[in-house]
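Q: If you look up TrEMBL, you'll see 68-179 marked as domain '3-dehydroquinate synthase N-terminal'. The NAD(+) binding site annotation in TrEMBL covers 106, 107, 108, 109, 110, 130, 131, 143, 152. Annotated domain '3-dehydroquinate synthase C-terminal' per TrEMBL: 182-325, in sequence order. Annotation source TrEMBL lists Zn(2+) binding site at 185, 248, 265.
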Ligand SMILES: NC(=O)c1ccc[n+]([C@@H]2O[C@H](COP(=O)([O-])OP(=O)(O)OC[C@H]3O[C@@H](n4cnc5c(N)ncnc54)[C@H](O)[C@@H]3O)[C@@H](O)[C@H]2O)c1
């Protein structure tokens, strides 16, 4: 068995991200923590627990472990679910020494993380991400949240984990549609920071689609390292972390306009990246050739680069309520060539409309 690679998030509080770790070894790591753990709550989905709890439990034999199963779905990131978790945790006798393990994708990570951030004013958390999106993105950076009827992630906190424990083998069971959500974020990481990594996505498409384990290992490790680097520089999203929102203002507008039906988050981000690239081209930040390269790489992974039957004006309207806007001005992240991105506060509505039009297909 190869040893996991350890990289450190050096934010307000440092914490390690273990890449290529084995679920079976997590118990040994918990034993080594300086503050004794007396009880563990594992929060997961049934499907994920059925697949991976047994392996996780191999190392946790010395602890009292209670399992809390949450139904799958974004709607479970709710105050109602938080309240139920609290009732269950109290029933299990969880106290301030209890450790929460979030075993799952971004939904579990955000929900279990938010629960850990508020239960008895905050208890320890270990993120054990099992989706590509969670391994390269959501488990790293300390953001945790639940949704409110008024919007996604409206109630949240920064609650950095004790550690992120990433077992690449959990990705073997991930359906391709979920892989796509993570790929959209990984390609975005490459586009905003690393042209060489962008070329990796261009040249390794066959291996990635075949799920070649060596190439996947490299892809997840490089992408997670980018997230670690960015949040280490700017944990609270005052500067460089904002670049991670590339494609999300457009994508989120599309997701909400379509009522979260017929477009996944990854697909929304993919189309959003292309719209942002067209806008960047109009501003002279990127060539049409580079826009074409971006479209091409997304298409390689079956990610969409356009959408039909949408009203650009309605989509522009949706962007009015973006959390990132400041003083009524839309703040957009635009690629600058391949491997770089900038924050733009100077995008006029006509330019944004134009970018939307370029990704909306005319119906015959
Ligand atoms: N906190 C952050 O910084 C951050 C960043 C990006 C996204 N997010 C959040 O992440 C969430 C999306 O996360 P996601 O894309 O991981 O979706 P998800 O957590 O809903 O997981 C998708 C599906 O995959 C299943 N699954 C998980 N692991 C599996 C495995 N190994 N094998 C088979 N099936 C598995 C889950 O049960 C679920 O049905 C959103 O709520 C989003 O807001 C948070």
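From the backbone N, Cα and C atoms, a Cβ is placed for every residue, glycine too.
Automated prediction, rather than curation, is the source of TrEMBL annotations.
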Q: Tell me, what is the mean pLDDT of the domain '3-dehydroquinate synthase C-terminal' (182-325)?
A: 95
Q: Let me spell it out: for each of the binding-site residues (152, 248, 265), count the other Cβ atoms within 10 Å of that residue's Cβ, using every protein chain shown. Which one has the most?
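A: It comes out as 248.
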Q: Let's check the environment of residue 108 (NAD(+) binding site): how many other CB atoms sit within 10 Å of its CB?
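A: The answer is 29.
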Q: According to DSSP, folded down to helix, strand and coil, what is residue 265 (Zn(2+) binding site)?
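A: Where residue 265 (Zn(2+) binding site) sits, the three-state DSSP reduction gives helix.
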Q: Can you give me the same-chain residues 6 or more apart in sequence from residue 185 (Zn(2+) binding site) with a CB-CB distance under 8 Å?
A: 133, 136, 137, 223, 266, 269
Q: Round to a whole number and give the Cα-to-Cα distance in Å for the pair residue 265 (Zn(2+) binding site) and residue 152 (NAD(+) binding site).
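A: Just about 12 Å between their Cα atoms.
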Q: Within its own chain, what residues at least 6 apart in sequence put their Cβ under 8 Å from the Cβ of residue 131 (NAD(+) binding site), listed in sequence order?
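A: Listed in sequence order: 104, 105, 106, 171, 174, 178, 181, 182.
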Q: Calculate the distance in Å between the alpha carbons (Cα) of residue 248 (Zn(2+) binding site) and residue 110 (NAD(+) binding site), and round it to a whole number.
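A: For residue 248 (Zn(2+) binding site) versus residue 110 (NAD(+) binding site), the Cα atoms are 18 Å apart.
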Q: Using DSSP and three states only, what is residue 152 (NAD(+) binding site)?
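A: Note: residue 152 (NAD(+) binding site) is in a strand by DSSP.
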Q: 106, 110: which of these binding-site residues has the sparsest Cβ neighbourhood within 10 Å?
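A: Across 106, 110, these binding-site residues, the one with fewest Cβ atoms within 10 Å is 106.
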Q: In the same chain, which residues outside the set 185, 248, 265 have their CB within 8 A of the centroid of the CB atoms that define the Zn(2+) site?
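A: These residues sit around the Zn(2+) site: 133, 137, 181, 184, 188, 247, 251, 266, 268, 269, 272.
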Q: For the domain '3-dehydroquinate synthase N-terminal' (68-179), DSSP counts of helix, strand and coil?
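A: Helix/strand/coil tally for the domain '3-dehydroquinate synthase N-terminal' (68-179): 49 helix, 33 strand, 30 coil.
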